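K.L.:
This is the structure, below, for whatever I ask next.
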Ligand code: DGJ
């Protein structure tokens, strides 16, 4: 092997990087052997006619000055100078699969350090760049990205679009020429564009094909690009988006890109998800205690702003009877908060609503054996609030402009020390005053003109939010936090390092949730995905669903209910009790196993499941989303089980009318007789599926015997 080549080895993937003449990733893909000098020579590119006279490497930060005519890895200048840096290798430090690569441009006076680690357990690649200004004059950074190459065969891409109450909608794009770009400029991770994408050889699916997955762990604005150069080479670029003049480095100052997490899978999207999920479990989410994820009751859709402590205590009693383990008081508990027009910022208990304080409610909830949780939205302020009347200058804004409100509120400037200290004191006080185990941290508007002292300041605002979480978590290490931003507006790995759950969507419609949760499952394991059973009539879509479909849909996440259990019928309550008990029964498997999504020829039927890490058991959910396209629903094949083991099939839950509704004259036999099948058969031939009505679902279990 040549000394300028480093070979990092994962469990299922390898990465080969060349440090000179330029730092370039030569290979990233399936495990590979025979890596020697001849092999490295064999992938040296030709130099075509009619182009530059030299080879132009796409380095870890592609440079115009080397003749790369695509989007550079970094753009910036020093009053118009030093605008086209070329980073030459200086040094490398290697500690197993951890690399620290230092490059410099002495003319432009810039140093670029690349931190790169291929996690040997999960095959997740972590990359971050840091740029330092080495000259006395300020350097303005306009763009700064992480760039990772892909092979030419990776010509199909899958990304997400979305909106409020319709997050994580996947779409596919052929990338043959030019490429793909998504930009989020909404000031938070956004409902619109989750900062992640998957690219692979055409036709990759859940269970098959080569896939490279990418996630930019950042809760602010971002850009993701997938480029196809005119010479056919491909790369993905991921970066935080900066406003003009936002990032200015004085001598010796640095800026780092967010972390990019990426992985290669030879086993389709499922393989990619296994890597990311395990990585999240090992390195991203830090639960204060190793315990089952408690089933929630969140009061929002049950009572909205209508808070009466006596009634809330009744709700809690009913919730406990259903099997709920954590009771959360949502919006409406603080001074003057009777609707969404006022009071954000005034983080004091509303003593008109709670004349005896909050303590009796907390004690009641705790006495029922449940944890207590509470809702806050600290980053925000209503113009109609005492806080705003006292400090109209605390806004994240630019003086002289009237920025639009969003949900009748403005954003506070967290970079003002007095704002940061006020929020820290209020939250610290809240958490110190009551026995609070959980905080639902909301963020309900998009960010317009994020100014601090006149300058653009979204990067600083995002980092200040992280600091606020870090400080609070240090003071209250046992408290868990949920990241909510009108549902799924702030779902990413960087916020998840500080939180423990996401409110996936404000949409509790089971049919919509099937799509949203599947989308989210590509990057996130079920235990961080908040999934609630809503009322029979969904508040978002006005659709009606059976308790069976609602219950089974909410089962595959961190489960909860979102309603008023006092007002629900005995029949509905029996349903909640049943599905909460079912969730608890399979929760250890759901929250530790491997998530699998099954390829199926009919998109009207969605199949997903979880397989135990030791392959001893699995559960699978068949969700009939629409009218079956064909008269038969075909077969389902379950790979990932142990081919040599025998598995007993049992039905854990089925549509109420499956056997009596006249949908089939005869059921598939495994639904009538005890059936045991080998893992090999289940993977290759599978089982025939029953025909089901639209918007119904069925849950089966496979257990090794
Ligand atoms: C938006 C959240 O997504 C809801 O769940 C709820 O907490 C409301 N905000 C409260 O204002």
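Count begins at 1; order follows the chain as displayed.
Cβ atoms are placed via backbone N, Cα and C, with glycine included.
The model shown is predicted, which means the values in this text are computed figures rather than measured ones.
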K.L.:
Where TrEMBL shows 164, 330, 331, 440, 441, 442, 443, 444, 484, 506 binding substrate, which of 128, 366, 407, 542 is named for the same site?
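P.N.:
Answer per TrEMBL: 407.
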K.L.:
Checking the spread of the substrate site as listed (164, 330, 331, 407, 440, 441, 442, 443, 444, 484, 506): what is the longest Cα-Cα distance, in whole Å?
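P.N.:
For the residues that bind substrate, the greatest Cα distance is 19 Å.
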K.L.:
Per DSSP, what is the helix/strand/coil residue tally across the domain 'Glycosyl hydrolase family 36 C-terminal' (610-694)?
P.N.:
9 helix, 26 strand, 50 coil
K.L.:
Looking only at DSSP and grouping its letters into three states, which state does residue 440 (substrate binding site) belong to?
P.N.:
strand
K.L.:
Helix, strand or coil by DSSP: which one applies to residue 506 (substrate binding site)?
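P.N.:
Where residue 506 (substrate binding site) sits, the three-state DSSP reduction gives coil.
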